Amino acid sequence: MSIDWNWGIFLQQAPFGNTTYLGWIWSGFQVTIALSICAWIIAFLVGSFFGILRTVPNRFLSGLGTLYVELFRNVPLIVQFFTWYLVIPELLPEKIGMWFKAELDPNIQFFLSSMLCLGLFTAARVCEQVRAAIQSLPRGQKNAALAMGLTLPQAYRYVLLPNAYRVIVPPMTSEMMNLVKNSAIASTIGLVDMAAQAGKLLDYSAHAWESFTAITLAYVLINAFIMLVMTLVERKVRLPGNMGGK
């Protein structure tokens, strides 16, 4: 099959917005980056919290962490997106729900719903990475910290977590890259990210190959940058003689 490529389409004036089609893609690129960064911050903080809970010697707290993981990990992500956008606002107190649905700009609604959904979904995966890393550490580290007079929270803060985070840099890199790719699902609830902009470009120009090739390359570049940065981080923080450190 012969494909008639026309990359000049990106420099043509878009039908609205006082910009070019390339401007549409660039706008979507910025939204994707902003969503990914905000969602990752939520995922890292919440995932670390529940990952710690899953390792503490308290059945209730450990069970709470397990419940969180099972809830978010076993429901399809696209279902969670629509739940956050359509269902959660209805469960909020009436004034807050009405403010979210009627007064907040729709684009902000889409962004907040997507950010919370993607962040909390990824947090369940981060939780398991943190749990596995803490449990992989020699038991003597925790015992030695407690023997030195540190409280359990202090042992986690000063001994266990610094070592655990060094161990999980590679799997955390994979989770960051997965988050960027999963962000494309946000377009299904109305967020105008790269995937949505490519769809618009296709609708108005009928250039499917160029539209989706462009955003494919954009996603590849984003994740290649993440891989490069995290590889440098891994080399910087790894411990000699520990988990492949040299």
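Cβ atoms here come from the backbone N, Cα and C positions, even for glycine.
Marked as domain 'ABC transmembrane type-1' by Swiss-Prot: 29-230.
The average pLDDT the prediction assigns to the topological domain 'Periplasmic' (1-32) is 86. Annotated topological domain 'Periplasmic' per Swiss-Prot: 1-32 (among others), in sequence order, evidence recorded as a curator's inference.
In terms of DSSP helix, strand and coil, the topological domain 'Cytoplasmic' (54-73) has 15 helix, 0 strand, 5 coil. As annotated by Swiss-Prot, topological domain 'Cytoplasmic' applies to 54-73 (among others).
Residues or ranges marked as topological domain 'Periplasmic' in Swiss-Prot (evidence: a curator's inference): 95-103 (among others).
Summarising the annotation, Swiss-Prot assigns topological domain 'Cytoplasmic' to 125-178 (among others) and lists a curator's inference as the type of evidence. Taken through DSSP, the topological domain 'Cytoplasmic' (125-178) splits into 47 helix, 0 strand, 7 coil.
Mapped onto DSSP helix, strand and coil, the topological domain 'Periplasmic' (197-211) counts 13 helix, 0 strand, 2 coil. The topological domain 'Periplasmic' annotation in Swiss-Prot covers 197-211 (among others) and is backed by a curator's inference.
Residues or ranges marked as topological domain 'Cytoplasmic' in Swiss-Prot: 233-246 (among others).
Look at Swiss-Prot and you will find 33-53 (among others) tagged as transmembrane segment, backed by sequence analysis.
Annotation comment: Swiss-Prot describes 74-94 (among others) as transmembrane segment.
Proximity of distant same-chain residues to the transmembrane segment (104-124), defined by a Cβ-Cβ separation under 8 Å and at least 6 residues beyond the stretch ends, is recorded for 31, 34-35, 38-47, 50, 68-69, 71-73, 77, 80-81, 83-85, 88, 175, 178-179, 182-183, 186, 189-192. The feature transmembrane segment is assigned by Swiss-Prot to 104-124 (among others).
The transmembrane segment feature in Swiss-Prot is assigned to 179-196 (among others). Only residues 6 or more beyond the boundaries of the transmembrane segment (179-196), in the same chain, are considered here, and those with a CB under 8 A from a CB of the stretch are 25, 27-29, 31-32, 35-36, 39-40, 43, 77-78, 81-82, 85, 106-107, 109-111, 113-114, 117-118, 121-122, 215, 218-219, 222-223, 226.
Per Swiss-Prot, the feature transmembrane segment maps to 212-232 (among others); the stated evidence is sequence analysis. If you look at the transmembrane segment (212-232), the same-chain residues 6 or more away from its ends with a CB under 8 A from one of its CBs are 10, 25, 28-29, 32-33, 36, 169-170, 172-173, 176-177, 180-181, 184, 194-195, 197-198, 202.
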Remote residues contacting the topological domain 'Periplasmic' (1-32) - C-beta distance under 8 A, at least 6 residues beyond either end: 111, 180, 183-184, 191-198, 200-201, 204-205, 207, 209-210, 214-215, 218, 222
Positions whose Cβ lies under 8 angstroms from the topological domain 'Periplasmic' (95-103), at least six residues beyond its ends: 89, 109, 112
